[in-house]
Amino acid sequence: MADTLTITRPDDWHIHLRDEAMLATAVPATARVFARAIAMPNLQPPVVTPADAQAYYQRIQAATPVDSGFTPLMTLYLTDNTTPEMVREAAAQGIVKACKLYPANATTNSAHGVTDLDGLDATFEAMAEVGLLLLVHGEVTADEVDVFDREKVFIDAHLSGIVAKYPQLKVVFEHITTGDAAEFVLASGNNVAATITPQHLMYNRNHLLVGGIKPHNYCLPVLKRNTHQQALQAAVASGSSKFFLGTDSAPHLQHAKENACGCAGCYSAPAALELYAEIFEQIGALDKLEAFASFNGPDFYGLPRNTDTVTLVRDPWQIPATVDVAGKPMVPFYAGETLQWQVR
Ligand SMILES: NC(=O)N[C@@H](CC(=O)O)C(=O)O
Ligand SMILES: [Zn+2]
Ligand SMILES: [Zn+2]
């Protein structure tokens, strides 16, 4: 077994950096390893206009450690009122790379999300034209649909239609959690790809619900049964260029997760690349890590790959029990557990 692994510097294609004190914690954790990250727009209020994106970009830059070389890639939060003009202006501005589709009320801060997809026809056409990607939180929100079925139903009810209707639009099916999603992505054209989180590769719903409820393993889309976990592992182990790294690191303070109505989201940023290395090694796919982490994402987005490297060393370490956020505790994903690899 090799004891060091040097790969092209990776990027994180799906992350929540938040704002204010949380931003000050989250940005350095990601800039430690990643060169770029797609910053999710689900702030309160959300990042809706090109001006909002510009202002948020500046707040992220202000929280970025000097010399880290980290660049945030911005996104607009699609609402029923996102216009083709806003899309064109965002593309011309240069810092915005994608628009994010949250079906209304699907997840954290998604109350302003889209209620009528057909109303966005001209907006999707404009995105395809100027080269902005469509990033999708792929879950339906109807009360009668079981929470474990919401991704699969979204594919059939919405995503297959969007992909068929806009063949020129690049679509990223974010944080996929099922074999159905992996199959859909593989069966679709080159304009469709997906991000996969560390928790959905490492865990299944037993890790959430067996032996007492584990709020720090609760995220959306919720962890699924082990056959889906295995399908996701097979997807990354296949080496397909349609799958790439997106942690969905989604920080919430300890009290907000350990709560009668706990928030969804796992804060994986402090050990993101190390978590992927752990699971890729366990499934015998460490040789596929570099393309997943550093090639497939920029290739799909049409951006250059990074030219510098990071080195992982085999040196077991324990993820701390908590992380401090301006005096308040937050529990990171995999807290107290031991990882084999460490970024030097
Ligand atoms: N993934 C999560 O469980 N939570 C995310 C929202 C999201 O990505 O859906 C958050 O913003 O907290
Ligand atoms: Zn989401
Ligand atoms: Zn997310």
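Quick reminder: no glycine exception, Cβ is built from N, Cα and C everywhere.
No curator has checked TrEMBL annotations; they are predicted automatically.
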Of the candidates A29, A31, A53, A264, the one that TrEMBL places in the substrate site of H16, L17, R18, N42, H137, L220, H252: A264
Recorded Zn(2+) 1 site member, picked from D156, D180, D248, D287, that accompanies H14, H16, K100 in TrEMBL: D248
From H175, H200, H207, the one annotated by TrEMBL with K100, H137 for Zn(2+) 2: H175
Zn(2+) 2 site, defined by K100, H137, H175: further same-chain residues with Cβ within 8 Å of the Cβ centre: H14, M40, L101, Y102, T107, L135, V136, G138, E174, D248
Neighbour count (Cβ, 10 Å) for H16 (Zn(2+) 1 binding site): 23
Candidate nearest H16 (Zn(2+) 1 binding site) in space, where candidates are the binding-site residues N42, H175, L220, H252, A264 and distance is Cα-Cα: N42
Residue from K100, H175, D248 whose C-alpha is spatially nearest that of N42 (substrate binding site), among the recorded positions: K100
